[in-house]
Every structure is written in structure tokens, then in C-alpha cells.
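To start, the structure under review is shown below, and the notes come after it.
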């Protein structure tokens, strides 16, 4: 399943920053501690070689401390990360629901929801900090006791003359022990920071290892697209759920307009996402101009595709920026033509700054119909070979819908067009209409052919017509 957008944002921002922080804050202390440790061991080997084996006591102690931390730190770091991701998702959802929250007077409910998420982050963070604090104290005390023990041992050896160790060498050993324990303590203090960094690496790996992630590198680039799409026994399911698509066989000819209809959840939008390559078939294959799309670089294919999604997607920027997104420099004539073809020119004319007007976050300053028409203009300005329209006219008033239908009738000519719509008035002119039910194709044909048969399409059409 696709990750929540707020969680992905958290991984991109927080986890990447944690990895960067780990590398920045551990490199110099690690190098310094290692060099001091090597120096202390070397000087001991030169001046008091008889005490060199005593240093080996620090190794099992350090390993024991590390194992104590590692077992608990991985669990606590993951718990804290999960809480942060859940909190980010909650805040994102509450921000999206803000108009509904205000309209229904649910501000206190939203505050409690966010506060509950924040409390989860606080508790997980406190437990993690408590663990790191205990580890730091335990490491410091253990290594100091080791240093004192080694110094007492050196003094006893010198007094008893069990080994040829002079009082002066005992003083030297005390300095070397201090350097040793200090270096070992500094190294152990880096472990909590490293644990947090490696947990962030694992978090990022969850995205990189997603089975739905595309791997386009090294695949054959798509040159000229003619627009023939062939689906051969395509199945798709979301996780362990039942099949969203089952044994789909379709052959879409270049320039053909095919409409998909069916009840909510019948698989219409899923089918478009599979064709576009956003979802990979569980089984079966999809051919583009006779070539299996699994062997193609889908990024190059999508340069010949335009999509009008079910929910208009606009970003904080001007109308021009939104329509020309990703195209670089676009002439005024081309921009105006796309706006006129999408019946959106009147929107530009009604604004004081024209197409330089800012639409607001997610197009908040525009109506639903205006956002939909700008999405259509963004699709049309790309002059695609394949056009995907998902409920493309659902947000338009009747007058605008009539104008858009006329424009799309001209603009879909010569392009392979896949249309999803619940309103049958928008797809009467389609070359073929495919009826889906529970992920299966149950009927196909033209509008008139399907009406002549007392089947799914005829019943849905009659119900919609009243």
C-alpha cells in the first residue's frame, strides 16, 4: 500500500536529517577517540609493555555495554520513529479536515486528537532519552571503575615488585589509563547517536525497498508513442484484499476513446493506475505498442501521457506555473490556447493578475470547477498521445460541462483516451464503453449497443436518467 504523504514527508525531512547529523557528529569524535586510544596503547607498549594485556579488559566491558544498549535501543528508536510518523499523519489529516472541523464545531475534538498524538511522541521520546541517559551513566561509571582498578593493580604490582614496574611508570600508567577510559567513554557515547541514525536509515530503506517502487534504470527508453495499449489477463490486488482487477483483457487501438463505467469500487481508477504504471499488475502484462511495459522506462512513456485526476491537484503558485508545470518555457499563445480549450480562459480574465494570480495551497482560492478546468488545461498543453481522464467533468456546472465535452471531442481525436465517469452523458460519444463490476469486465460496446441489451449498463443508465 502507498505510504501516507505525511509519513513520506517525515522520512524525507526528519530521517534524512538524522542520517546527516549522525555522519556530521560522529566522524570527528570517532576519529579523535580512535587516535587517542591507539596512542595510549602504543605508549603503554613502549614504556610499560608488561601492562599491555590489562588493556584487554576494556574490550569485553565495551562489548557488554554495547550489547546492553543495542537490544533496547533498536526497539525504543523504532517506537519513537513510529510515533513521530503517526503524529505527522494525524497533523496532516487534521489540517486537511480543518474546514470540516470548523463547520461542525469540532475544534476541541481535533485538539484532543492532536494532543493524544503529541503525548505518544513525548512518552516515546522520554523513554528513549531515559535509556540513553542510563547507558551514558553506566558506561562512564564502568570505565572509571576499570581505570581505578587498573591503577590500583599497577600500584600493587610496583609495591610487591611482582613485575618490574617503577613508581614513575605507575604515574605514566595513570595518565594512559585516563586516556584509555576517556576514549572508550567517548566511543560509547556515540552509540545512541549512531542508533538513531541507523534507525533513520532503516526508515528510508522501507521506502526504497517498497515492492511498488519503480526501477527504471537500465530499461529501454520509450521513443515515439503510437498509443496502442494491450492488457493481457491482468490481475491486481491491494495487499491481502480480494482482487481489485481480475483477468482484464483489452486491446486499445491508437486514437480510440474507451470509457470505463461501473459502481464505486469496481476497479475503474485502479485500472487507470495500472495502465499508467503507478500500480504493477499482480499477474498478466501490459503492452505499449506491442512491447511489455515491464521492460520499458516508464518515465519516458509518461512524457507522452496527460492525466486529469479525480481530485484536482494544484500547488501553491500562479495559474501559469500550475499549467506549465515541468515544461519549462511555454509561449503565451500555447498557454492561452490550452486555457481556451479547457474553457478556463474566463477564469484568467476574471482575475486582476491574469494567469500570474496565485491559486493558493491546493488551489484554495478557486472553486472546484475552476480547479478541474485548470487541471484539464495542464493536461492539454502537453499535447499527449495517451490521455487519461478520471471523472474529468464531475466538478463542472452544466454549461461548462457542455463546453468541455465539445473541446474534449476535438482534442481526443487521434489520441488514445481512457475515460472514467459516473455521468453517462459524458461518454456517449466514446468508441467503446467497458463496464466493470467487482474488478471484472462484464460488458463492452458502444453506448447504443449496450442500451439495446438489458444488462448492467442499461440498468445503471436507467437509474441515472431517473
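Glycine too: its Cβ is placed from the backbone N, Cα and C atoms.
Taken straight from TrEMBL:
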DOMAIN    1-196  domain 'ABC transmembrane type-1'
TRANSMEM  30-46  transmembrane segment
TRANSMEM  52-69  transmembrane segment
TRANSMEM  138-159  transmembrane segment
TRANSMEM  171-194  transmembrane segment
DOMAIN    229-463  domain 'ABC transporter'
> Other than its close neighbours in sequence, what residues sit by the transmembrane segment (171-194), given a CB gap under 8 Å and a spacing of at least six beyond its ends?
Replying inline: 21-22, 25-26, 29-30, 32-34, 36-37, 39-41, 43-44, 47-48, 51, 55, 58, 62, 65-66, 69-70, 73, 132, 135-136, 139-140, 143-144, 146-147, 150-151, 154, 165
>> Can you work out which residues elsewhere in the same chain, 6+ from the ends of the transmembrane segment (52-69), have a Cβ less than 8 Å from its Cβ atoms?
In response: 41, 44-45, 131, 135, 138-139, 142-143, 146, 150, 153-154, 180-181, 184, 187-188, 191-192, 195
>> Need one number: mean pLDDT over the domain 'ABC transporter' (229-463).
In response: 81
